[in-house]
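One structure is given here, and the rest of the page talks about it.
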Amino acid sequence: MLSTISIRGAREHNLKNVSIDIPRNKLVVMTGLSGSGKSSLAFDTIYAEGQRRYVESLSAYARQFLEMMQKPDVDHIEGLSPAISIEQKTTSKNPRSTVATVTEIYDYMRLLWARVGIPYSPATGLPITAQTVSQMVDRVMALPEGSRLHLLAPVVRGRKGEYRKEMAEWQKAGFSRLRIDGEYYLIEEAPKIDKKRKHDIEVVVDRLVIKEGLETRLAQSLETALKLAGGIAISEPADEGSFEPMLFSEHFSCPVSGFTIPEIEPRLFSFNAPQGACPACDGLGEKPYFDVRLIVPNESLSLAKGALMPWARSTPPSPYYMQILSSLARYYDFSLETPWKKLPEKIQNVILYGSEGEVIPLRFSEGNQIYEVEKAFEGVIRNLERRLVTTDSESIREDIGRYQSAAPCEVCHGARLRPEALAVLIDHHNISDVTKMTVKPALEFFRQLPEKLTEAQNQIAERILKEIIERLGFLDNVGLDYLSLDRSSGTLSGGESQRIRLASQIGSGLSGVLYVLDEPSIGLHQRDNDRLLETLKRLRDLGNSVLVVEHDEDAIRLADYVVDMGPGAGVMGGKVIAAGSPQDIIDCPDSLTGAYLSGRREIAVPDKRRKGNGKKLTIKGATANNLQNVTASIPLGTFTCVTGVSGSGKSSLILDTLYTAAARELNGARLISGDYKSISGLEHLDKVIDIDQSPIGRTPRSNPATYTGAFTAIREWFAKLPEAQARGYKAGRFSFNVKGGRCEACQGDGVKKIEMHFLPDVYVTCDVCHGARYNRETQEVKFKGQSIADVLNMTVDQAAEFFEAVPSIRDKMAMLARVGLGYIKVGQQATTLSGGEAQRVKLAKELSKRATGRTLYILDEPTTGLHFEDVRKLLEVLNALVDQGNSIVVIEHNLDVIKTADWLIDLGPEGGTGGGQIIAAGTPEKVAETEGSYTGHYLKRMLQPK
């Protein structure tokens, strides 16, 4: 077998005909400037080809269910294994996906509760035992005389298949009727059922009317049904709603309450299967409701000023709604100018929930006409509820949904499962009790479980427990011990979700695989980094090739082999500058990475720390998530860094509490903040901006030029050119989103999508405009010999130079270059930008606005995806914002950023329930001397003179 992955002539994106041999079964780190071609080589070439070859080897039927990768632009690659990529982007937003389901821990837990759990009656608290036929007969005979019922044998429950053969056998045995998926049929008239879908089939054993002397026949029919369905029978009312259906089981039933569990199988504990999901919330554990805090986000506003957000969306507010409110004000005698919070509770309730049948004269005017209608007032919330149910429009449904929050389901109280599943206990815990635990307590629960089980139970549980304990151990090892097992995947950060998938990959125990990882150290404190690196080494030692795109210094130093890409970014990158051991990189004079590793270049500690403008922003009594009544002060006019181990409460304090509270007050945002007692100092600010890593646009039509507003200036500039004016072209002519100037063959996309079925969709360059997006006439308008299509194809650096004489465009381009994005194309599709790049495009947009010196900027891990040199440039930009009088709060683990901050707030001491306290606050020097601060421990050596 080949000992290397041999790549020849890789030209994907900006790669310059790269040829390299990468050792197999080693830990290989790819590093280099942001945009230098690391991901193009690791993901778009090596992973894409490995995955493509594997999928291509499958049958055409299997291929249609798998995403096919495009063939990368490379001459040839040898020595590839099946490839698995673990990226940050693929966090599932599915509300049914949890930490336990993603890691497969929940699958093993379901098996454990099904095989070892003991059902207890909710009524008596005693274990449930088998039911006798006599007890079943007594329960049916207790129905009112004359009740008509069907006695059913559930022979198929939630299984796929056609069941033709079985139907013939049932008919042969003397049965004439079936119920298939809730509908009754004669067996000979039963429809052909779809073998690819799950079905419920019950045989009708008997049809009865309750009367005296029926006991013998009923007992015989019950015995037949139980025998046919493996110990289960159903009594179903023939007249709908006359009585509740009864489920009988020879196995588990409470003699007092009649509470019955049909079967204890793993699917009973699945909240994604109808057999296990709570019927009230369909297994989601929560139900949406209209939240008054979202409907009236700012209680200081009056009704006239738009306190009711759903009715104040338009400017000016809709006259129809204002006339309704005026009628209510006349009838109930209150003023529309009174702030919402000062209105009596009765008035607030009438406005929100309606007049409860009380008829109110509602006066409307249309032009010169005035008319009055007397009717009960529906109420804002009732109006939204009705519209949500009756509308067919997805956009209206989405718009109304913005006023909803989720509350725990009233039936299962957030447990997601039906009562039968929650009645099954192991060591006095149902399955939901354990999923509510965080990783560490859950690990402890399963480790001590064998002592609580009988010898027979231990024989069954041994292998299941081994799998659960191993997987929980991996989560603990990659620094995720603070996560609860029922935590929704959608609430995890990119770094957390990547490390969870990493833990499940190690759990799978595969070998001979190529793993490609994208910055697994994101969001990880230096303390946990060593454990992550041990995990990567373990993955390698299983016999896998581990390829990691990473900027972390420890990871680079620990690697078996390092590939340094460069020398610049974008068109200036795409070459391998150095490849070899970490020492080889350090010794290479051309390697920027080597220069930082060796100390030839460094991010310097500032000579002095800013003291700020003397004002401060203080939040008191914050208790969101795991925060323990935290009070924090941020000096304004400074660069503040919030630090702490993963899960210590940084995001809860800054994003969930401080930002949401400030955004509601300063920006009028419709957000719900975490609980806190008070916030002071907002009067010193005029706005708060959260620059996060969410995409700048979700369609290929969105790009850096459209997002920053530069595209409007570019279109206006082209419209002013003599040729454009001679032809009568306005700025709209130069848009690729509307008819007129765009190429109609591809509708301004530049490419056409061809669906290939069993193969990946192919995007072919439009044969009319050849990818330019515009029609020929529009492209004939040129500035310095370049059309607008040529401008969109330029890099930001080239465009800044090209429009040197046009300040409105040049300044926006220069700002993008300043945040280190000089290499991206002006018209690059937003969907192709990484999270870090999207964040910096947002930063550039904010920087290009006129500075007020009273803005609070909040950034969450802005160094994601950044090389040492990129971090240095970013710090220059952030410090320039602070020098203008603004305040910056950054959540960060990167010690190069932390050491340059003016003020630190360190949370901890641990993650999850062990965190949520401020361990230290002050200058980096002060925090470095604080006992018990993990950040201080690592910071100390960074502050020592080299």
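For all residues, glycine too, the Cβ spot is worked out from N, Cα and C.
Swiss-Prot assigns the feature zinc finger to one of the listed ranges (95-121, 203-229, 743-769, 878-904), namely 743-769. Secondary structure from DSSP puts G644 (ATP binding site) in a beta strand. Its Cβ taken as reference, G644 (ATP binding site) is surrounded by 30 other Cβ atoms within 10 Å in the chains shown. Counting neighbouring Cβ atoms within 10 Å of each of the binding-site residues (S34, S36, S648), the lowest count belongs to S34. For G32 (ATP binding site), the same-chain residues that are 6 or more apart in sequence and have a Cβ closer than 8 Å to its Cβ are K38, D564, M565, G566, G573, I577, L592, T593, H867. K650 (ATP binding site) falls within a helix when secondary structure is assigned with DSSP. Within the same chain, residues at least 6 positions away in sequence whose Cβ sits under 8 Å from that of K650 (ATP binding site) are V642, T643, G644, I891, L907. Taking all protein chains in view, 25 other C-beta atoms sit within 10 angstroms of the C-beta of S646 (ATP binding site).
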